[in-house]
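**Q** Have a look at this one before I ask anything.
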Amino acid sequence: MDQRHRWMIHGKLEKRALLIAINALAGLSIFFFGYDQGMMGGVNESRDYIDLMGLGYVNDKGNPVIINTLLQGGIMCVYYLGTLVGCLIGGSLGDNYGRIKAIGAGALWGILGAALQCSSMNPSWMICARLVNGIGTGILNGIVPAWASELADYTSRGTFIAMEFTLNIFGVVVAYWLGYAVRFIDNGNSPFRWRFPIAFQIIPLLFLLVACWLFPESPRWLARVGRDDEALYILQRLRGTVGPDAGLAEAELADIKGVVQLEKETDGTSYIAMLFGLRSGKLHTARRVQLVIWLQIMQCWTGIAGVTMYGPTIFSIAGFNSDKSQWVSGLNNITYTFATLICVFTIDRIGRRWTLYWGSVGQGIAVFLVGGFSRAGLDARSQGNVDTANQWGAAAASFVFVYTFVFGATWLTVPWLYPAEIFPLQVRAKGNSFGVVGWSIGNGTLTLVLPYIVSAISEKMMYIFGAVNLISIPIVWALYPESNQRTLEEMDLLFAADTPWSWDAEKTFAMLKEQNPGLGGAARYDGRDDLEAKVAEPATMHHE
């Protein structure tokens, strides 16, 4: 489809208004992702669902008693298998056929998965439906952050991605409170309690499927496949063409074409070649793959899943009844949403590394205190000191809020932003997909093992999460170079060093920028004459 039709969104809007529209659509996809994550919590409490799937029963107090925990865990975990497969499909689709077509495919898969889930009649049906739904989510997660980052300006790339993850947690909140509301219909005993929340996700997916074709394709993908005129048109609509904006689009396109030419010297574009660094030369793609996979796994083990799962136990230590625990959990999710706004205003100011640093410190302190206060509350309750136990439990619950707030402001966004920034243009969608692979592995394994960890060591698992937070600080400092305020075309220079250390990356980056002043930085120049002089200089970054 030609990208210069006037009826398309970028034919009507330009510059900041266009960027806001683009990120609203990307945010809709991420909203679906958050909703899908939060939805199953309410579904798993439905009497009809528990009976139909053969998971257990609901006792006289209305609390679910799960007997077949393996089946319940399997239904949950197969979703992450789907996201793992889906992200690899999405990355390949995005790099070969374009970002927009991949988004459309992901939305279609998600609709199919949601329809299959809400009509499920037995466990096998539900497992297959969760797998299909996971594939759709994986396709979208593998392509949408890369698409949004390729359209954003390098000075505000992090801000826009962070805004999308505000909508992600808003999706979790909507799923939680919708699940809470439908429990009052027919006393929560009808199929409506679980079928409607699942079907609800079809609404944003349908809108995404219809609307995505009206939005601009990535100009970087267009330039890579030789559609330079369309790429320039989109860049002009994004960056402007008059006054101080004159020449910016041409400069950025010159950057992109220069990097495309350099990357043609390598052909390690398959997933296997990327994973093992085959034929990648100075691009060091395998190093980038390892960084994004392990960053997502670290995110999972900083404690968000454990704090969420152990939350009801903490609230019971505080003496909260079931209804009050539900309200407190819902309020915690709302706090979580507002916390993400901090990242919106800070991530492009302090950078990715410092965002992770202060997040690790805050989260580490919070989970250590959650563990300690929970232990004190359990000991007090076992000794019959109910008031003291409630006080310790309330203290632990308050630090659950602190942990969630800090996580939302820091570690939630960066592991999704970093993969969308650091990969070469020719494999950016595939590279971003490896981040989703890490997220799928981390969440899938945690979903399986956390119930056993909670059963075996209870609140002591918080100390494991606290240790991971502390260990993550030197890991990020040593291995993860800063991507903030750097153009996507400069990332190949940033990862050109032959060692994995971030300080060597910075030294090599500075050296290569001096040798190649026109590579990856032409978009920083306002003057057309200056630009032409810069891009005319020969590049010396060889791919050996």
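We count from 1, first residue shown onward.
Even glycines carry a Cβ here, placed using N, Cα and C.
Not my notes, these are from TrEMBL:
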- 16-35: transmembrane segment (TRANSMEM)
- 22-484: domain 'Major facilitator superfamily (MFS) profile' (DOMAIN)
- 65-88: transmembrane segment (TRANSMEM)
- 100-117: transmembrane segment (TRANSMEM)
- 123-148: transmembrane segment (TRANSMEM)
- 160-178: transmembrane segment (TRANSMEM)
- 198-215: transmembrane segment (TRANSMEM)
- 291-315: transmembrane segment (TRANSMEM)
- 327-347: transmembrane segment (TRANSMEM)
- 354-374: transmembrane segment (TRANSMEM)
- 394-414: transmembrane segment (TRANSMEM)
- 434-455: transmembrane segment (TRANSMEM)
- 461-480: transmembrane segment (TRANSMEM)
**Q** With a cut-off of 8 Å between Cβ atoms, can you find at least three pairs linking the transmembrane segment (198-215) to the transmembrane segment (16-35)? Only pairs 6 or more residues apart in sequence count.
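**A** Checked: the transmembrane segment (198-215) vs the transmembrane segment (16-35), in contact.
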**Q** Which of 16-35, 123-148, 291-315, 394-414, 461-480 shares the most C-beta pairs under 8 angstroms with the transmembrane segment (65-88)?
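**A** Stretch with maximum Cβ contacts: 123-148.
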**Q** Taking the transmembrane segment (461-480) as reference, which of 160-178, 327-347, 354-374, 434-455 has the most Cβ pairs under 8 angstroms?
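**A** Ranked by Cβ pairs under 8 Å, first place goes to 354-374.
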**Q** Are the transmembrane segment (291-315) and the transmembrane segment (16-35) close enough to be called in contact, which here means at least 3 C-beta pairs under 8 A that are separated by 6 or more residues?
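**A** Taking Cβ pairs at least 6 residues apart, the transmembrane segment (16-35) and the transmembrane segment (291-315) are not in contact, as fewer than 3 fall under 8 Å.
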**Q** Which value does the mean pLDDT take for the domain 'Major facilitator superfamily (MFS) profile' (22-484) in this predicted structure?
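**A** When the pLDDT values over the domain 'Major facilitator superfamily (MFS) profile' (22-484) are averaged, the result is 92.
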**Q** Using Cβ atoms and a strict cutoff of less than 8 Å, what residues sit near the transmembrane segment (394-414) while being 6 or more residues removed from its termini?
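**A** 158, 161-162, 165, 168-169, 295, 299, 302-304, 307, 311, 314-315, 317-318, 320, 328, 332, 335-340, 342-343, 346-347, 352, 355-356, 358-360, 362-363, 366-367, 369-370, 373-374, 377.
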